[in-house]
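Reviewing the structure listed below.
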Amino acid sequence: MSRLEARTRYLQAGQKRLGKIRKRGFFMETAATKNYLALSFGCLSPTRGEEYLLDQIKKKHDLWNKLVEKDREHREKVRQVMVFESETTKKIKELEEELNSLREEIKNQRKTKRTGKVDLTDQKARIEEIKPQLKQLKEKFKEERSFIFEARKQELAQLEKERWAVVKELGKGSGLYWCNLEDVVNSYDIGRKKAKAAGGEMRFHRWDGTGKVTVRFQKGLPVNEMFSCTNNLLQIDPVDKDAWYNPVRAIRRKKSRTRVRLRACSENKKPLFIELPVVLHREIPEDALIRTASVIREKVGMRYRYKLNLVLEILGENTNRILPALEGTAAIDLGWRTVKDGLRVACLVDDKGHSEELILDNDVLHEFNKIKDLQSIRDNLFNETKAKLMELLKTLELPDEAKERTSHMANWRSQQKMLRLHQYWRENRLPGDDEVWEVLEYWRKREIHLYEWQENLRDQVLRRRKEIYRIFAAKITRKYKTIVLEEFTLNKTVQKPNPEEGPAGTLPANRNRFIAAISEFRNELANACRKNHVEFTYVPAENTTITCHKCGHKEKFDAAAQIIHTCSTCGELWDQDYNAAKNLLAFSQKGGVK
């Protein structure tokens, strides 16, 4: 077994174990639990070895796209092996065609009458008849498919063997350093599993000059050895203790500046380093082992940004750090609802009656709206420039290449096409084209300014939101022993309703969902729970909003239109989000935790 294959199988087993842990929640409580610390430091542009970095991330990008191409071919071969015709598949196909036809008919009626209120009694009745039939037939199809799978198991095993052989062959010919090769193969393995579970295909990546190079230490690299600059994978020039402990901020800033060298690749078994100026804004624990180190190249607007990421295993006295004596349980209801002070993302209720909420204030919402405004300004400028150019080009005698480049200008939707036209015109000026050139040059300057503004603002507001979520997660995980969340699939909130269920959601609601980014908050909360050894569990979310927490009466109401609701049975007045959090808390205390 090759080194790459053994490493990949080990990581696959780890992913499987992690998946099982996530399904039932996680609870880090043993004294032997290892503590890991992830640190990130800002870097300036490389002073040496940038060509090695670019070479490795380009090769990683190319290998990924080749793996995706081969995986799609493999998936097609599997489908060919598993294809079979039966009475069940024929009936499923007929019913699905009828269902799609009815839904298209509903859409056309709404479009014709320009309203969501149309008489759809007959179509809805037929759809309700088709749905249970389809469900039953698909269950039967699964049983038939399982028999086919068993019958063709050897063929599928052979295809899987061939796929893995192709992966190894592509890896050998990629020219990647072994750490970077493992990084791509591991990402590929995780990506293909996610695509398979979602019923989709893996996606190709567009080359934009971003990526990372990584080094990994299987037994760990002592921090002192890294600062001694003798290791052939990672070196950081040592800094004085004043970089972190001097009372004068200016001295701390000056002393924390140093250089990092990370091995990007090899030549004749000799290391080729990338060197970058780095700011060690916080101390790296001396009694720690470095497990992985990465230099990441990101793009913000028209420029590239670099950072150094370190993952450390804490040793010595800090291995089992003393945590505060946590007690109590808190339940959190997630969502996105506009309130007076901003956008409410979460409501928390604990077992002592305390409640609080997480709100993205109006300043954050204003910044998100400004991003949208800048996009609108760019689009209007683009459309106005197109209209001017089409009129001006009519007055010029254009060569064939210029005619070809501008023939479909009226249908352009991308600013990139206009930038390519600007570049072409700069290199191929024509007699009497001064007005055309002025229009193009004015547009380019304005476009670059607006684009830089938009992308930098986007970067700032996303980082600001993440910091808000981190602070809130850190605060509650240092207070409670158990955190309870509702169990629901976030991607279901993105799916549009079927036509028979009503018109599609409004744009503001969809935009608020994007601004809230519930998945990001949930990830930050999960990370904080792991770090502080807090139990993190899920309970079913069904009916938590419509069930009164005081009397238990279930009553359907328009949850989107009203935040405050009065129970028709007991007369209790409650906020529906806090009500849901109280129901989650009560359910978890009754042993309903998953």
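Placed from the backbone N, Cα and C atoms, the Cβ positions cover glycine too.
Annotated in Swiss-Prot:
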type	residues	note
REGION	1-85	region 'Recognition domain (REC1-N)'
REGION	86-153	region 'Recognition domain (REC2)'
REGION	154-211	region 'Recognition domain (REC1-C)'
REGION	212-314	region 'Wedge domain (WED)'
REGION	315-329	region 'Linker'
REGION	330-540	region 'RuvC-I'
REGION	541-575	region 'Target nucleic-acid binding (TNB)'
BINDING	CYS548, CYS551, CYS567, CYS570	Zn(2+) binding site
REGION	576-594	region 'RuvC-II'
BINDING	ASP577	Mg(2+) binding site
For a three-state summary based on DSSP, what are the helix, strand and coil counts in the region 'RuvC-II' (576-594)?
14 helix, 0 strand, 5 coil
Using the centroid of the Cβ atoms of CYS548, CYS551, CYS567, CYS570 as reference, list every other same-chain residue with Cβ within 8 Å of it (recorded Zn(2+) site), in sequence order.
HIS549, LYS550, GLY552, HIS553, SER568, THR569, GLY571, GLU572
How many Å lie between the Cα of CYS567 (Zn(2+) binding site) and the Cα of the residue listed as 'Mg(2+) binding site'?
14
Between CYS548 (Zn(2+) binding site) and ASP577 (Mg(2+) binding site), how many Å separate their Cα atoms?
11
What whole-number Å value do you get for the CA-CA distance of CYS551 (Zn(2+) binding site) and the residue listed as 'Mg(2+) binding site'?
17
Are there residues at least six beyond either end of the region 'Target nucleic-acid binding (TNB)' (541-575) with Cβ under 8 Å to its Cβ atoms? List them, or say none.
333, 337, 339, 347, 486-488, 509, 582-584, 586-587
Calculate the distance in Å between the alpha carbons (Cα) of CYS570 (Zn(2+) binding site) and ASP577 (Mg(2+) binding site), and round it to a whole number.
18
Neighbour count, 10 Å Cβ-Cβ cut-off, for CYS570 (Zn(2+) binding site): what number do you get?
11
Looking only at the region 'Wedge domain (WED)' (212-314), what is the mean pLDDT?
95
Run through the region 'Target nucleic-acid binding (TNB)' (541-575) and tell me, per DSSP, how many residues are helix, strand and coil.
0 helix, 8 strand, 27 coil
Counting every protein chain present, what is the number of Cβ atoms, excluding its own, within 10 Å of the Cβ of CYS548 (Zn(2+) binding site)?
21
Within 10 Å of its Cβ, which one of these binding-site residues (CYS551, CYS567) has the largest number of other Cβ atoms?
CYS567
Are there any residues at least 6 positions away along the chain from ASP577 (Mg(2+) binding site) with a Cβ closer than 8 Å to its Cβ? List them or say none.
ASP333, GLY335, ARG337, ARG344, CYS347, GLU357, THR545, ILE563
